[in-house]
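Trainee: I have a structure here, written as structure tokens, and I will follow up with some questions on it.
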Amino acid sequence: MMVGMTTTATFTGEGRRTGGAPVVSFDNVSKSYGSVKAVADLHLELHPGETVALLGPNGAGKSSTLDLLLGLRNPDAGRVQLFGTTPQQAIAQGKVGAMLQSGGLMEDVKVRELVKLACDLHPRAYPLDRVMKNAGVEEIADRMVNKLSGGQEQRVRFALATAGANELIVLDEPTTGMDVSARQAFWAVMREQANEGRAVLFATHYLEEADAIADRVIVLHRGRVLADGSAAEIKAKAGARRIVFDLEGPINEAALRELPFLTALEISGRTVRIQSHDADSTVHALYGLGFFPRNLEVAGLGLEQAFIAITEAATAEEAAR
Amino acid sequence: MNTLIKLEITRTLRNKKFMFFSVAYPAILYVVIAGGASKAEIVKGTHLTLPLLMMVSMASFGAITAVLVGNSERIAKEREKGWVRQLRLTALPGRGYVAAKIASAAVVSLPSILVVFIVAAAAKGVRFDGVWQWFALTGVIWAGSIVFAALGVAIGYLVTGDAVRPVTFIVYFGLSILGGLWMPTAVFPDWVQSIAKWVPTHAYAALGQAIEQGNAPHFKDVALMVAYGVLFAGAAAWLYRKDTHKS
């Protein structure tokens with residue numbers, strides 16, 4: 001698993017080493033719906049073995065990006081390629097498995113019949129029993145598809161997406177509707193797939209999933225890539241550490257703002273909350289400036305807070321322009 | 001692809017309500033229309049009785065109902081639910097999907113034709129000079145229904161959501177009336193008649209009419225049906241691959 005790689009150049013190097021075309025390549029891709037620019041000059045490369053999380057607030061262009069990637073929509077400008085060919089061809093060759101949020105299921109059929117269909121349609125299918133077992137749908141094999149719960153439906157979708165030896169697996173909000181244990185089981189299977197050298201790309205709302213599972217996180221905002229790197233790097237970019245303390249007496253806000261490496265400052269009553277790129281230096285300077293912080297706490301920022309910080313900063317920047 | 005065809009047929013047969021109405025409806029309509037007609041009286045301009053003429057018309061009409069209305073609505077619904085999007089992420093070619101939809105429609109149209117024939121023979125004493133005519137009629141009406149099944153698939157792809165039902169019904173009634181399935185086209189004004197000659201339902205009805213009079217179908221009608229079949233199926237396959245709407 002690759003950890004701590006930032007730049008696209010590093011990943012391109014990796015791709016060359018394994019000798020293949022990038023799994024996914026977006027070359028200045030744009031897509032608009034009416035006057036809304038859903039994807040704007042997107043440049044993106046994914047390589048074998050990567051597990052990539054796609055993050056972004058609602059309307060950031062995640063679903064549009066996945067639609068373009070899978071050839072369900074065509075870009076207005078630019079080029080989308082999978083394995084050096086068109087998405088449609090890559091799919092026809094059985095290289096891509098996908099689980100869409102918007103993907104419905106056939107009705108009036110049994111779970112086993114539907115999974116068998118996916119296996120029969122896949123050019124490099126796995127045995128039916130193995131697919132059923134991996135996706136955890138054995139015990140609902142004889143149930144009608146239209147009588148399943150939300151979490152069971154997700155498992156069936158997962159079975160359809162993993163019916164054969166895909167080289168890329170695309171998942172859009174895959175664990176929505178699953179309970180905690182189902183979610184854990186799901187990611188265990190997913191990790192196995194990634195360890196076998198597959199690229200896994202998933203969009204998610206659960207930031208802890210991205211933090212725990214992805215070795216690369218891409219933050220989308222208004223159809224552009226806002227940040228691209230490991231979860232640790234994304235957090236660092238946002239101002240990695242949070243410092244919280246209380247101050248006695250009147251608070252000199254101007255002096256606090258002069259603290260080095262400070263990225264955010266919030267004062268409520270006697271409590272001061274600071275985000276910093278370098279907590280050690282910030283705290284050191286705090287004492288140096290004559291402050292006497294009480295109940296001092298220094299903690300790492302979660303990916304969720306980093307994500308909010310990054311997207312809010314981008315929104316503010318756009319508003320200022 | 002064969003699995004999909006089998007599965008589409010299986011789920012159609014499982015849909016008991018849909019099967020019942022599609023199969024029973026043409027036969028009920030036949031009883032309503034031809035029920036009071038005399039068994040012996042010959043319709044003017046032919047040497048055939050009204051119950052016999054109506055039997056062929058209603059079998060054709062019923063087959064169209066089953067395949068056209070059934071297909072377009074079910075497909076539009078599947079698109080809405082996103083099943084088609086999911087299916088497009090498999091290696092299935094567009095023609096596979098269209099073939100499966102047509103096959104499942106054919107499973108419904110065959111019994112609907114046979115039920116009309118059985119009711120007509122039993123209740124109205126319809127007979128032919130040759131037994132071959134029963135078989136030929138069944139074959140021709142069934143094969144012809146495939147053309148309209150393909151049209152149903154194409155409409156299901158062309159039109160979204162709420163518009164599907166009205167559009168299907170306009171096409172369905174328009175074609176049925178223009179094609180002379182309800183009344184002879186001779187009652188229409190000349191300009192309508194000249195259009196009617198080229199609609200698929202007209203050729204469809206003509207196939208059955210040739211056989212009920214003991215003749216072989218005209219080449220022009222067969223050719224027209226084949227041409228429409230290729231056109232509709234091609235359009236359906238193209239629309240399946242092209243369809244990029246969510247709903």
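The backbone N, Cα and C atoms fix where each Cβ goes, glycine too.
In case it helps, TrEMBL gives these features for our protein:
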DOMAIN    B:49-237  domain 'ABC-2 type transporter transmembrane'
TRANSMEM  B:20-38  transmembrane segment
TRANSMEM  B:50-69  transmembrane segment
TRANSMEM  B:98-122  transmembrane segment
TRANSMEM  B:134-159  transmembrane segment
TRANSMEM  B:166-183  transmembrane segment
TRANSMEM  B:222-240  transmembrane segment
Trainee: Excluding the flanking five residues on each side, which residues at least 6 beyond the ends of the transmembrane segment (B:166-183) place their CB within less than 8 Å of a CB in that stretch?
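Mentor: Distal contacts: 57, 60-61, 64-65, 68-69, 72-73, 151-152, 155, 159, 192, 195-196, 199-205.
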Trainee: Give residue numbers and ranges for long-range contacts of the transmembrane segment (B:50-69): same chain, 6 or more residues beyond its ends, CB-CB under 8 A.
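Mentor: Contacts with the transmembrane segment (B:50-69): 22-23, 25-27, 29-30, 33-34, 37-39, 41, 43, 105-106, 108-109, 112-113, 116-117, 120, 124-126, 128, 137, 141-142, 144-146, 148-149, 151-152, 155, 168-169, 171-172, 175-176, 181-182, 201, 204-205, 208-209, 212.
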Trainee: Residues of the same chain, at least six outside the transmembrane segment (B:98-122), with any C-beta under 8 angstroms of its C-beta?
Mentor: 1, 4-5, 7-9, 11-13, 18-19, 22-27, 30-31, 34, 51-52, 54-55, 58-59, 62-63, 65-67, 70-71, 75, 134, 137-138, 141-142, 145-146, 149-150, 152-153, 233, 236-237, 240
